[in-house]
Structures are given as structure tokens and as C-alpha cells.
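Handing you a structure now.
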């Protein structure tokens, strides 16, 4: 009896172990199947991603090649003319950015240093900035016609209308970011207005000002297309510049000139960012960062 009981218990234990081993093997097989399925799914997802990427690259290269063939239809004088026009527009962009800076810096600092005024003025400025600048172009064009103002100069204020707000908002943000400790220290040290601007305000807002310049200049390049050629009734005012070149080519449906004009504009913007704005931004972060 005792032997039979022991044998039955041993059989039960062996059977239990065997069932556990069997279930473990099934679980391993299931995990292997799931792993294979997951690997297969990941493979197809990657394949689709790479296929989509190659498809997009192919379309881009194809269009770039077609655009290059169209540009090659232009004469050498047409190619050089667009580059020269880019120089005129570049000067207008710089002039507009500097003129916009002359009023936005004092106004922005005055608003930023006064939190109560900032809470009241910022919503009003946002409303003014959201107003489409080209809505007032006809009235300004009429003013130019009546007072015989050349569009060569008059295009600059038209550019400023839509881009000055970038500088103003960044200057306000820079003035708001000046720590109260530094403001109090300048008061305790008895700094006069000139010294306060030189040693505290301008260094503090300079990184924000550079950001405003970058965004404003980019906006000015876009605005040049509608600012360098304006109309009122039967009168057309056309400035010498790349924006007017692109606008005229668009009106004529001249694809080679459109593509070349946009290419020249993009290259000038890239080189300006590399040679001017990036260096100023690096200087601002290294020398004038008060954070």
C-alpha cells in the first residue's frame, strides 16, 4: 500500500512537471511566432517609409531637373539681371529693418519695462499686427502718385508695414526678461539714461533684437514681391528689384524667370543668414546673454 501511494504521488509530480514543460514550450513557440510577426511588420513599415522617402526624393529631383532645364532657356543677361535686382532688394530689406528698429526699440523697451503698460498695450499691438498690410497699399500708392514719390524709395515703407511687428514683439519680450535685480542695481548705482541703455538695456535685449531682425528680414523678402510693384487704377508703380522681377514674371506666366528669381532670392537669404545673422546670433548668445 505504501509503495503504491508513493508511486502514485511520484506519477502525479512527474505529470505536473510534464504539463508545465509542455505549456512552457507552447509559450516559447507563441513568443517566437509573435516575434516573427513583429519583425515582419517592422520590416514592411520600414520598407514603406523608405519607399515613400525615395518617392518624394525622386519627385523633388525630377522637378529640380525640369526647373534647371527651364532656367537654361534664359540668356546670360537675364540671369545676371535677376542677380543685380537682388542687390537692390537686399538694400531695401536692410533699410527697412534698420528703419523699423529705430522706432520699435524705444517703444518696445518702454512697454517691456512697464508690466502694467505691457498688459494693456500687447493685445492692441497684436490686433494691429494681424491687420493685413496690403489693405493699405492702394492708399499709400495714391499718396505716392499725388506727391510724386518714387517707388524706388517708397517700396521700403511698404515692406516695413508687415515686418516691423516682429522686431517690436521681440524687443518687448527682451525688456520683460530683464531681471528686477539688475534694474534695481542700475538705480542704486545712479546710472543716468545713457549709461542705463548702454550697460543694461541694449545688452539685455540684443539677443531678442537679433531674433527680431532675422524674422523681419525674412518677412521683408517675402513682402518685396508685393511691395516693389503696386497699382492704382491705370497707374503701375514698378521698382527696380527682385520682388518686382518675380511679380512681373508671374503675371506674364514666364516660368523660367519665376524659377530663377525665386532661386536667387532663396540663395541671397541663405547667404545673409550664414554671413550676417548667424554671426550676430552667436555674438548675442556668447557676449550678451544674461540668463
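Using N, Cα and C of the backbone, Cβ positions are placed for all residues, glycine too.
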Which of these ranges is annotated transmembrane segment in TrEMBL: 85-112, 225-252?
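Checking TrEMBL against the ranges 85-112, 225-252, the transmembrane segment one is 85-112.
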Can you tell me which of 124-147, 200-221, 258-277 gets the most C-beta pairs within less than 8 Å of the transmembrane segment (85-112)?
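Comparing 124-147, 200-221, 258-277 against the transmembrane segment (85-112), the winner is 200-221.
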